[in-house]
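K.L.:
Pulled the feature table from TrEMBL, pasting it below:
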type     : residues                                                                               : note
ACT_SITE : Lys19                                                                                  : active site
ACT_SITE : Asp144                                                                                 : active site
BINDING  : Pro102, Met103, Gly104, Gly105, Gly106, Leu107, Gly108, Gly109, Gly110, Ser111, Ser112 : ATP binding site
DOMAIN   : 75-151                                                                                 : domain 'GHMP kinase N-terminal'
DOMAIN   : 213-264                                                                                : domain 'GHMP kinase C-terminal'
Amino acid sequence: MTLPDLDPAQPLCVPAPAKINLFLHIVGRRPDGYHLLQTAFRMLDWGDEITLQRRDDGLILRTSDVPGVPAESDLVVRAARALQAASGSRFGADIGVLKRIPMGGGLGGGSSDAASVLLALNRLWGCGLSRQALQDLGLKLGADVPFFIFGETAFAEGVGEALRPLAVPPAWYVVVAPPVSVPTAEIFSAKELTRDTEILIMQGFAAHKTRNDMQAVVCVKYPEVAESLEWLSQYGDARMSGSGACLFAPFDTEGQARQVAASVPLGWKVWVARGLDRHPLKDWVAD
Ligand SMILES: C[C@](O)(CO)[C@H](O)COP(=O)(O)OP(=O)(O)OC[C@H]1O[C@@H](n2ccc(N)nc2=O)[C@H](O)[C@@H]1O
Ligand SMILES: Nc1ncnc2c1ncn2[C@@H]1O[C@H](COP(=O)(O)OP(=O)(O)OP(=O)(O)O)[C@@H](O)[C@H]1O
């Protein structure tokens with residue numbers, strides 16, 4: 001597929017979709033303490049937006065304010081610097097981030113922002129890194145980054161970097177954010193977390209026999225999550241995404257999903273989104 005050239009003089013606006021983990025099993029632990037997972041990642045047609053403008057002076061600047069995230073630790077800035085170092089590019093970029101995905105929500109916002117920056121700058125700077133090279137670079141920034149660069153619904157193993165395409169039926173999702181943020185590291189380090197779920201065979205696994213192994217731990221530590229889960233479970237098969245705090249439930253039609261979302265209790269954020277089979281920037285990089 002040939003893509004039209006980008007005009008480097010113009011700002012480029014790209015999406016950074018949210019993800020949900022349809023299930024998440026913890027099956028072991030690496031010697032460095034990182035957990036071995038089996039999970040199914042699915043993107044949503046809703047998320048953040050990143051604006052990029054190429055610079056000729058090599059500087060990487062964040063042009064928008066992200067409350068609680070200083071520019072130097074923002075994954076968009078770190079992703080751009082990592083690509084600069086790996087490719088030797090002399091270019092820089094102004095990077096704006098429109099955050100919609102709640103932080104510490106288990107929806108992979110920071111990882112998706114980083115992946116979109118890698119995919120877009122690889123093209124805007126003409127670096128020519130392959131998909132696998134970008135995935136390897138992304139893994140150093142966060143465990144969920146390789147999935148977004150892989151760019152389609154995936155069965156993932158390892159720490160989330162060993163990815164295979166997974167076919168899942170179309171669905172609309174209600175996503176609820178309780179008024180709390182859950183730090184991923186705190187849940188992975190919890191004593192009560194089980195780390196010995198039996199390994200699944202990807203072919204023909206039964207979705208109803210899966211779960212999110214972090215959900216019970218998060219529900220005890222954060223009663224707001226338990227309360228939101230109980231509320232959403234009245235209407236569908238509700239589950240937590242990633243390390244929380246967000247919950248989701250699938251529905252066949254947009255109408256059903258919107259009806260549920262309309263009755264969400266005051267103070268909780270809610271979104272309706274469709275499962276997205278391909279990342280909008282998937283074709284921006286060659287395999
Ligand atoms: C929960 C998931 O979102 C599932 O998709 C991911 O596994 C977490 O991905 P993430 O937020 O990108 O996490 P990272 O920023 O890479 O790691 C945050 C912290 O969680 C712990 N961590 C993370 C991933 C993993 N497989 N095992 C871990 O023990 C590590 O202490 C790490 O310092
Ligand atoms: N661009 C960014 N967007 C969001 N968070 C960022 C960004 N850059 C750095 N961070 C930091 O990363 C942390 C995790 O953010 P993120 O939204 O990816 O987590 P999460 O939703 O819990 O994801 P996960 O599904 O990986 O658990 C934030 O609390 C924040 O401190």
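Glycine too: its Cβ is placed from the backbone N, Cα and C atoms.
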K.L.:
For the ATP site given as Pro102, Met103, Gly104, Gly105, Gly106, Leu107, Gly108, Gly109, Gly110, Ser111, Ser112, which other residues of the same chain have their Cβ within 8 Å of the site's Cβ centre?
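P.N.:
Apart from Pro102, Met103, Gly104, Gly105, Gly106, Leu107, Gly108, Gly109, Gly110, Ser111, Ser112, the close residues are Ala18, Ile101, Gly242.
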K.L.:
From Lys19, Pro102, Ser112, which recorded positions have a C-beta atom under 6 Å away from some atom of ligand 2?
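P.N.:
With ligand 2 as the reference and 6 Å as the Cβ limit, the list is empty: none.
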K.L.:
Which of the recorded positions Lys19, Pro102, Gly104, Gly110, Ser112, Asp144 have a Cβ less than 6 Å from any atom of ligand 1?
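P.N.:
List returned for ligand 1: Asp144.
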K.L.:
Non-local Cβ contacts of Ser112 (ATP binding site) (under 8 Å, 6 or more apart, same chain)?
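P.N.:
Once residues fewer than 6 apart are set aside, Ser112 (ATP binding site) is near Ala16, Pro17, Ala18, Lys19, Gly47, Asp48, Ile101, Asp144, Phe148.
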K.L.:
In the structure shown, which of the recorded positions Gly106, Asp144 has the fewest Cβ neighbours within 10 Å?
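P.N.:
Looking at the recorded positions Gly106, Asp144, the Cβ with the fewest others within 10 Å is that of Asp144.
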K.L.:
Can you check which residue among the binding-site residues Pro102, Gly108 has the largest number of Cβ atoms within 10 Å of its own?
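P.N.:
Sorting the candidates by Cβ neighbours within 10 Å, the top entry is Gly108.
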K.L.:
CB neighbours of Gly104 (ATP binding site) within 10 A?
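P.N.:
Its Cβ has 20 other Cβ atoms within 10 Å.
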K.L.:
Return the average pLDDT for the domain 'GHMP kinase N-terminal' (75-151) as a whole number.
P.N.:
97
K.L.:
Give the number of CB atoms, excluding that of Lys19 (active site) itself, located within 10 Å of its CB.
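P.N.:
Taking all protein chains shown, Lys19 (active site) has 28 Cβ neighbours within 10 Å.
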K.L.:
Where does Pro102 (ATP binding site) sit in DSSP terms: helix, strand, or coil?
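P.N.:
Reduced to three states, the DSSP call for Pro102 (ATP binding site) is coil.
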